[in-house]
Structure formats: C-alpha cells, structure tokens
Amino acid sequence: MVNSTHRGMHASLHLWNRSSHRLHSNASESLGKGYSDGGCYEQLFVSPEVFVTLGVISLLENILVIVAIAKNKNLHSPMYFFICSLAVADMLVSVSNGSETIVITLLNSTDTDTQSFTVNIDNVIDSVICSSLLASICSLLSIAVDRYFTIFYALQYHNIMTVKRVRIIISCIWAACTVSGILFIIYSDSSAVIICLITMFFTMLALMASLYVHMFLMARLHIKRIAVLPGTGAIRQGANMKGAITLTILIGVFVVCWAPFFLHLIFYISCPQNPYCVCFMSHFNLYLILIMCNSVIDPLIYALRSQELRKTFKEIICCYPLGGLCDLSSRY
C-alpha cells in the first residue's frame, strides 16, 4: 500500500490502494514500458490540497445540516432524521478522504519504524470510509422507503414511521454498516469483498428504482384519492411528492458521483490488463474527487429543496453572529 502512493496516488480504501498499486505493473506487462511511463496509463495526480479543501467544506456544510435539523423542531420528522444520517455519512466519507491524504503524506515522509503505526491509522480511516459508504446507501434506501410510505400509506404513516422506530432503524443501519465496513477492510485481500460491495451497491439501486417506478406510476391516482378527503390532504400529498423528487435528485447525484468509482472496481476485477480498462483506472484520483463532491453537493440540494431548512440555515449563519442581518436580508 505504501508504494502505491509514490506518484501522488490517494486511495480511499485499503483494497483500492492495492488495486491502484497493481495498475502500473499491469499496464507495463500488457502494453510495454513506453505506455506505463506516461500518457493515458500514467496515474492522474491530484494535489493533496484539493482533497483537504473538499474535506473541510464538506465538514462545515454537513455539520450545518445536522445542527439545523437538531435545532428546528419542524424538521423532526422521519425523512429529515434519515437525511441527518446521510449527512453524517457524507461528512465522514469526505473528511476521512481528506484525513487520509495527510496520513499518506506522513507515510511517505516518515521512517520505517513509524510507518507501521501510520498504516494502522490508515486502515482505521479506510474502515470509516467503507462503513460510511454503506451507511450512505442504506440511508438513501431508508428515505426512499419513507417516501413510499408517505404516498401509499398516507393515513397510517404516522403509526408506521414513529420517531422511536426511526431512531431504532438508524441505529441498526450504523451498527450493521460499521461491522460490515470493518470486516471488509480486514478481509480486503479477497476479491470477493470487492464483488460483495459492488453487488450491494447495485442491489440497493435496483430496490430504490423499483420503489420509484411504483411511486411515480401510482402517485397521481393517490393524489386524486387524497384530494377528496377533508382538510389539507392534497397539500400534504403534494409535499410528500416534493420530498420524493428531492430524493430522486439526491440519488441521481449519488449515482453520478459514485458510479465511476464502482466502474473502476468492476474493471479491476474483470479486465485489469485490458488497455481501455487500464486507461480508465488511471484516473482513480478523479473518481475520489467526485465522491467528495457528492458530500459537498448534497447539503446544497437540501437547502434548495427545503424552505424550512434554508430558513434555519440563514438563522444559524446570519442571525446569531450578526444580529439583525437576517431581518434585513429577509426584506429583499
């Protein structure tokens, strides 16, 4: 794992570190030394400062989301609790990647006696990243299930998704993902671990896609049924659909940002010596940047899609330190 960092390689997990280390040797064997010394098959270098900067931005943004949800009682609903879980996962993924940049720098600059300790720290960070990835996927799936219940079981929703039940679900998600993440790193020498992670990723996406196909095919029918009920049923149903659309955007961004990373893993398993696969895998650092961008983009989506959350952001950022600035800005 140490040798894989000499060309500025910043790997996000121990098994990915190992795969990137083999990248150049595979290119050399199959394509000749001239190809591996430069061009498409040379590892793309990204400055460590970029990783650290994105990590800090993600940390501040997602802390803001967590504080806003905790502060505003109007946001104490199942969907926002799951969003809070997603924000924690995003924050840990991005901050851990930024922290690993520092660890890798220390790994390359310290002597042999201290490298073993640094490697152990790196493995702990890898476990956090892997656990957070799994928690992100599970949190997105939980939000999808929550939106499904709000649309198809609107009248029974509050009996089904109680706050206590949501807290238990989130606790179980993080407990299971933490154990799984640690096991993935412990047994990272096996290709079966990568295959398992890829399978989990696409299985979760398939489940969410199935829920959404059903939701959007039947949503209009349920809106018509709710509309004939007294009170504000139609308004509530419209808000539920808005939440479903918000999650659609979140899932879309998640897929765009994470798909290249998982495609890298698929190529590493299936065609590690194919010239096109090697060329794609040489941009691994770029895929890590995309992953961190996902953690930066998600809080912006929350703010754009939720007026209540946006209002709370404004109160936290402006009103406390700057007094009446929020009152002034609200007039315009």
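The chain as shown is numbered from 1 upward.
The backbone N, Cα and C atoms fix where each Cβ goes, glycine too.
Here is what Swiss-Prot says about this protein:
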| type | residues | note |
| --- | --- | --- |
| BINDING | Glu100, Asp122, Asp126 | Ca(2+) binding site |
| DISULFID | Cys40-Cys279 | disulfide bond |
| DISULFID | Cys271-Cys277 | disulfide bond |
| CARBOHYD | Asn3 | N-linked glycosylation site |
| CARBOHYD | Asn17 | N-linked glycosylation site |
| CARBOHYD | Asn26 | N-linked glycosylation site |
| LIPID | Cys318 | S-palmitoyl cysteine |
| TOPO_DOM | 1-43 | topological domain 'Extracellular' |
| TOPO_DOM | 70-81 | topological domain 'Cytoplasmic' |
| TOPO_DOM | 107-123 | topological domain 'Extracellular' |
| TOPO_DOM | 146-165 | topological domain 'Cytoplasmic' |
| TOPO_DOM | 187-191 | topological domain 'Extracellular' |
| TOPO_DOM | 216-248 | topological domain 'Cytoplasmic' |
| TOPO_DOM | 272-280 | topological domain 'Extracellular' |
| TOPO_DOM | 305-332 | topological domain 'Cytoplasmic' |
| TRANSMEM | 44-69 | transmembrane segment |
| TRANSMEM | 82-106 | transmembrane segment |
| TRANSMEM | 124-145 | transmembrane segment |
| TRANSMEM | 166-186 | transmembrane segment |
| TRANSMEM | 192-215 | transmembrane segment |
| TRANSMEM | 249-271 | transmembrane segment |
| TRANSMEM | 281-304 | transmembrane segment |
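Sequence features, as recorded in Swiss-Prot, placed on the structure.
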residue: Glu100; record: Ca(2+) binding site; Cβ within 10 Å: 27
residue: Asp122; record: Ca(2+) binding site; Cβ within 10 Å: 25
residue: Asp126; record: Ca(2+) binding site; Cβ within 10 Å: 26
residue: Cys271; record: disulfide bond; Cβ within 10 Å: 15
residue: Cys277; record: disulfide bond; Cβ within 10 Å: 21
residue: Cys279; record: disulfide bond; Cβ within 10 Å: 16
residue: Cys318; record: S-palmitoyl cysteine; Cβ within 10 Å: 17
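Taking pairs at least six residues apart, the transmembrane segment (166-186) and the transmembrane segment (82-106) share three or more Cβ pairs below 8 Å and count as touching. Cys271 (disulfide bond) has Cys279 as its nearest neighbour among the recorded positions Glu100, Asp126, Cys279, Cys318, going by CA to CA distance.
Cys277 (disulfide bond) carries a helical DSSP state (H, G or I).
The average pLDDT the prediction assigns to the topological domain 'Extracellular' (107-123) is 68. Secondary structure from DSSP puts Asp122 (Ca(2+) binding site) in a helix. In the three-state DSSP classification, Cys271 (disulfide bond) falls within coil. When the recorded positions Glu100, Asp122, Asp126, Cys277, Cys279 are ranked by how far their Cα is from the Cα of Cys318 (S-palmitoyl cysteine), Glu100 comes first. Counting same-chain residues at least six beyond the ends of the transmembrane segment (124-145), those with a Cβ under 8 angstroms from any Cβ of the stretch are 12-14, 79, 82-83, 85-86, 88-90, 92-93, 96-97, 99-100, 103, 169-170, 173-174, 176-178, 180-182, 184-185, 188, 197, 200-201, 204, 207-208, 211-212, 247, 250-251, 254. Counting Cβ pairs under 8 Å to the transmembrane segment (281-304), the stretch among 44-69, 82-106, 249-271 with the most such contacts is 44-69. A gap of 24 Å separates the Cα atoms of Asp126 (Ca(2+) binding site) and Cys277 (disulfide bond). Comparing Cys279 (disulfide bond) with Glu100 (Ca(2+) binding site), their Cα atoms are 24 Å apart once rounded. Sequence-distant contacts of the topological domain 'Cytoplasmic' (70-81), counting only residues of its own chain at least 6 positions beyond either end whose CB sits under 8 Å from a CB of the stretch, comprise 143, 146-147, 150, 161, 163, 166-167, 170, 243, 308-309, 312, 315-316. Looking at Asp122 (Ca(2+) binding site) and Cys277 (disulfide bond), their Cα atoms lie 27 Å from each other.
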